[in-house]
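Right, one structure below, let's go through it.
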Amino acid sequence: MSDTSLTIRRFSDLANPSRFLALSARLLPWLCCLTALLFAVGLFFAVTSAGDYQQGETVRIMYVHVPSAWLAMMIYGVMSVSALGTLVWRHPLADVAARAAMPIGAAFTGLALVTGSLWGKPMWGAWWVWDARLTSFFILFLMYAGLIALNRALEDPARAARLSAILILLGFVNIPIIKFSVDWWNTLHQPASVLRLGGSAIDAEFLRPLLLMAAAFTCLFFCLHLAAMRNEILRRRVAVLRRQSARSAALNGPAA
Amino acid sequence: MNFAAPHIGFVLASYGAALVVVFGLILWVVLDGRARRADIRALEAAGIRRRSDRRPESGSAPDARP
């Protein structure tokens, strides 16, 4: 067997939900331990690092606001890859992955908006301004909410999967808008200061807890996503069993 | 962290919001998982099983699957 066909075989092996359940059950405890460890170290540095000379203690809001904002966009990226998996490769777990990620993405987008407001009030003097970054990020939250509503409204899971995948891919255009909004328009947000050409503009004192908390939030997402995917697979199994039960009851006819 | 610093309430509120969201999500996946496993157990107790989970009955071939 050639290397390419072996790789495809391994990829398609993972398409089996039962195999995914077994693999994720082995992986989850280790991932949860790593997440707890990263949160412990990240929070230690977040609380003990020095305050900013201008912002004072409010700089600590960055250690929860920025990771949740990054995660909100990364989750949409994960959903977009899953949408491609649904439409192009018809991978059985692709729709499960997208559907499981939606509420988690909505929660972290909401958290980024709330912590952003709580950081904006003391620093900018306003809870909210309709600038490009905030508006595009609010649109991301509405997109998550819309996708959740769409999935709940449609009873046919195959139709819901196709429609969601198309909408997810259409909505992906908002991700580069969020990322580059601070460069393209005049906004209250500062330009990119961590991921930029020429290296980070943030001092190591603030960068250390920021990166640790970002790693902790990312691991937390993968834990939650794996667990939510397992729940989604079980939900679909319950639906199949209920249909099977209804069908056999109809075939047997009413009890005498 | 200096708890007497100005605007400390905004910092505490941010960490409080993060705590609520993180624990809310953990609670959601744990409770949802329990509910789904309970559903499957209840269906199995009523004799409804997935075809791949059924034991081969006597007289039928062990690998016979529709």
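Note: Cβ is positioned from N, Cα and C throughout, glycine not excepted.
Record features (TrEMBL):
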DOMAIN    A:14-189  domain 'Cytochrome c assembly protein'
TRANSMEM  A:27-48  transmembrane segment
TRANSMEM  A:68-89  transmembrane segment
TRANSMEM  A:101-120  transmembrane segment
TRANSMEM  A:132-151  transmembrane segment
TRANSMEM  A:163-186  transmembrane segment
TRANSMEM  A:206-227  transmembrane segment
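If one looks beyond the transmembrane segment (A:132-151) by at least 6 residues along the same chain, the residues whose Cβ comes under 8 Å of a Cβ in the stretch are 69, 72-73, 76, 79, 99, 102-103, 105-106, 109-110, 112-113, 116, 160, 163-164, 167-168, 171, 174-175, 177-178, 181-182, 184-185, 187-189. Here the transmembrane segment (A:27-48) has long-range neighbours at 60, 63-64, 208-209, 212-213, 215-216, 219-220, 222-223, 226-227, meaning same-chain residues at least 6 beyond its ends whose C-beta is under 8 angstroms from one of its own. Taken together, the residues of the domain 'Cytochrome c assembly protein' (A:14-189) have an average pLDDT of 92.
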